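Down below is the structure, laid out as structure tokens.
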């Protein structure tokens with residue numbers, strides 16, 4: 001085997017910080033190469049150097065691609081050579097069709113007139129290759145994230161890709177979609193497409209990768225050849241964080257107290273199509289000090305359930321009852337739900353959880369401005385004190401609470417969102433994918449915060465697509481499928497296999 | 001890295017981060033100096049300073065409401081038409097129907113509130129883009145004022161009505177005393193109240209500023225460097241004393257200046273220090289996040305338009321009172337001046353940021369340019385070109401600063 005890509009002693013400096021320091025990366029022709037590292041370790045910077053976002057000359061070191069010295073000036077330069085990156089945030093135009101998106105900027109046209117017949121025929125071929133059964137004329141906005149990811153890959157294939165780079169491809173995908181995507185990666189490998197995958201999910205890395213390179217603090221820590229030596233998750237984690245992580249989930253005293261929240265006979269219909277029932281007759285309860293999980297595939301209705309309970313922020317014709325501490329609670333509007341003691345930490349913190357242009361202080365008090373004001377006038381001293389308190393308690397890494405939250409890392413942003421809801425003093429917190437897209441170290445801190453909440457006697461309802469996380473954190477797990485609960489498991493009973501089998505047998 | 005630069009002190013670093021705010025103040029000073037020289041000193045003559053306030057007060061008052069609307073993530077194109085319509089409405093009531101002035105004014109403000117409520121209803125509760133709703137409003141109220149006035153001008157207004165715009169606050173000292181002061185100052189007149197209030201304003205600004213600094217220091221907040229604080233306040237204090245002295249040597253404080261200052265202080269406080277103000281910024285910054293934090297986003301949007309309607313009505317009354325007649329052309333294209341003032345003042349088109357003081361300074365920049373260019377005799381054609389370029393330059397400066 002020959003190397004397709006060799007990046008040698010790549011060093012990239014920004015004013016005041018060395019993002020990459022003598023990084024080496026060797027990718028063999030036809031292999032799947034995984035790059036692991038914490039957020040901020042330098043993975044994306046390295047990929048930006050490779051794809052020409054940072055043009056030749058702005059970094060030190062050499063890139064050899066396909067046997068020659070490569071000096072890419074920009075992205076289109078590297079794309080011409082068959083290097084294609086699929087970013088975490090998908091770059092498709094929602095109101096154009098699959099076919100139009102695939103050939104966007106690369107239209108099958110002569111003299112500016114598009115040949116639709118050939119466009120559609122070629123799209124059909126590509127969709128077959130990636131295993132997506134959709135008509136080429138379907139609009140992107142009608143597709144879920146998993147299918148959109150496949151469209152991105154089809155788009156890459158349309159450009160005669162030789163080196164396909166997938167940045168966190170399964171971060172937003174459900175278990176089933178993730179599996180399908182990994183299968184596709186293996187199939188593309190069989191067809192000779194070399195691939196680089198950047199991922200936080202170590203089980204996936206283990207499944208597909210031939211070689212694993214771990215980056216930490218801008219340097220290459222280790223390169224593991226999965227064909228000759230055993231790749232264990234422990235080893236990768238150790239290399240990533242630079243220390244042993246004996247337990248990825250911190251221990252907690254498991255003690256369930258009084259009943260905090262009971263939801264009974266909860267039914268919700270789709271906000272636009274009133275004949276589609278999204279949530280079907282759900283009953284659930286959370287006790288003080290309990291961490292209760294909701295497992296289920298993407299699209300099973302977990303987020304919809306949470307949002308419909310939280311001030312009816314999703315759905316219509318909602319029926320059912322919510323009791324808090326034994327009393328029927330009015331949670332029909334969001335402010336009422338907050339007053340009643342509920343908090344909902346959204347799945348998408350950037351677009352639903354934070355005002356990115358505002359600073360930490362403003363974001364922390366947003367859900368409880370009454371707590372820092374008198375007769376409608378904000379006491380900024382009190383506000384600063386509150387923000388400082390949470391900065392310290394949550395270990396938000398920032399020089400000051402006047403920092404814009406848009407400038408913080410994902411883990412710190414999540415801590416700000418949690419601070420906001422803790423300051424609203426809820427009894428029950430619904431956490432929707434609380435550790436999505438944040439690195440191992442920050443995850444551990446979030447788990448500790450959850451455990452603290454439970455120790456204080458709060459109830460936590462936790463939605464997660466990562467089953468190990470649910471298994472590691474929860475006292476009980478509800479299993480959800482197609483809008484209904486199909487099982488309830490205690491921590492002792494629960495395992496990945498049992499959860500999956502409950503989902504698939506229903 | 002962003003954090004690192006924020007943290008590293010130094011005057012240069014501070015200036016770099018707040019270049020917009022200081023830039024605005026210096027732009028206003030520079031523009032005034034240019035026209036002061038170009039008009040051979042006419043710009044800052046007592047009579048012209050008085051005129052500057054009389055001419056621009058209604059723009060500034062409407063800019064206060066427009067800032068709130070823009071911060072909430074919306075726009076209101078109808079304010080020019082609404083102010084014209086309210087002027088016509090007031091004229092019909094007071095001149096043709098002989099209604100009392102007080103009743104007319106209250107009714108006019110009420111109609112303004114209703115207009116704002118109607119437009120706000122469609123924007124807030126039906127999610128129709130404010131651009132479209134208020135574009136419709138702009139046409140509707142332009143047409144309605146033509147209909148009310150039947151294409152004619154109606155006037156004149158009673159004396160007491162004109163007072164809201166062209167009246168002056170009487171002095172607090174006996175005429176004989178001020179006459180002797182006037183002789184010392186070498187002017188026809190000398191209004192003690194104007195100078196006194198100017199002094200009070202200066203002291204209040206310095207007091208509030210010092211208190212803020214003390215508080216920041218106590219909470220470890222790195223605020224404005226002391227040198228900047230001194231220079232900025234010296235400039236503001238100097239300008240205030242200069243203006244109040246000049247006003248004193250003419251006819252004293254115009255009524256409309258007092259309304260304008262009081263409203264500016266009220267809105268600056270509302271936007272910066274109250275929960276409702278904070279929530280409007282959150283709504284404009286991220287509507288979904290605000291809603292999920294328990295903020296009644298629809299009601300806030302609605303209220304922003306109600307408030308705008310009321311201020312547009314007040315602008316209409318002041319404008320009609322100054323011209324002493326309601327004309328079908330009143331308020332034509334004024335919405336553009338108001339919106340331009342807010343954007344020159346640093347508000348963001350996408351909502352969520354902007355300050356009341358910025359909008360007021362922005363309005364003064366526009367006002368001084370209008371006034372100065374008219375005095376030096378630049379034609380209406382090039383006046384528009386220059387104003388357009390200044391707006392573009394201000395917003396370009398914003399975008400350029402952000403991209404660095």
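Backbone N, Cα and C atoms are what each Cβ position is placed from, and that goes for glycine too.
TrEMBL does not curate its annotations; it predicts them automatically.
Here the structure is a predicted model, which means the values were calculated and not measured.
The following features are taken from TrEMBL:
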type: TRANSMEM; residues: B:22-40; note: transmembrane segment
type: TRANSMEM; residues: B:52-70; note: transmembrane segment
type: TRANSMEM; residues: B:77-95; note: transmembrane segment
type: TRANSMEM; residues: B:101-124; note: transmembrane segment
type: TRANSMEM; residues: B:131-149; note: transmembrane segment
type: TRANSMEM; residues: B:190-209; note: transmembrane segment
type: TRANSMEM; residues: B:221-245; note: transmembrane segment
type: TRANSMEM; residues: B:257-281; note: transmembrane segment
type: TRANSMEM; residues: B:302-324; note: transmembrane segment
type: TRANSMEM; residues: B:330-349; note: transmembrane segment
type: TRANSMEM; residues: B:382-400; note: transmembrane segment
**OP:** Determine which recorded stretch among B:52-70, B:221-245, B:257-281, B:330-349 has the most C-beta pairs below 8 angstroms with the transmembrane segment (B:302-324).
**Re:** B:52-70
Original post:
Taking contact to mean three or more C-beta pairs under 8 angstroms, with sequence separation of 6 or more, is the transmembrane segment (B:257-281) in contact with the transmembrane segment (B:52-70)?
Top reply: yes
**OP:** Using a Cβ distance cut-off of under 8 Å, indicate which of B:52-70, B:77-95, B:131-149, B:221-245, B:330-349 has the most pairs with the transmembrane segment (B:382-400).
**Re:** B:330-349
Subject >> Within-chain partners of the transmembrane segment (B:77-95) [C-beta distance under 8 Å, separation at least 6 from its ends] >> reply: 58, 62, 65-66, 101, 103-105, 107-108, 111-112, 115, 119, 131, 134-135, 137-142, 144-145, 148-149, 154-158, 161, 308-309, 312-313, 315-317, 319-320, 325-336, 338-339
Subject >> Leading contact stretch, B:22-40, B:52-70, B:131-149, B:330-349 vs the transmembrane segment (B:221-245) - CB distance under 8 Å >> reply: B:22-40
Original post:
In the same chain, which residue numbers or ranges, 6 or more beyond the ends of the transmembrane segment (B:131-149), come under 8 angstroms Cβ to Cβ?
Top reply: 75-78, 80-82, 84-85, 87-89, 91-92, 115, 118-119, 122-123, 326-328, 330-332, 335
**OP:** Could you pull out which residues elsewhere in the chain have a CB under 8 Å from any CB of the transmembrane segment (B:22-40), counting only those six or more residues past its ends?
**Re:** 15, 228, 232, 235, 344-346, 358, 361-362, 364-365, 368-369, 371-373, 375-376, 394, 397
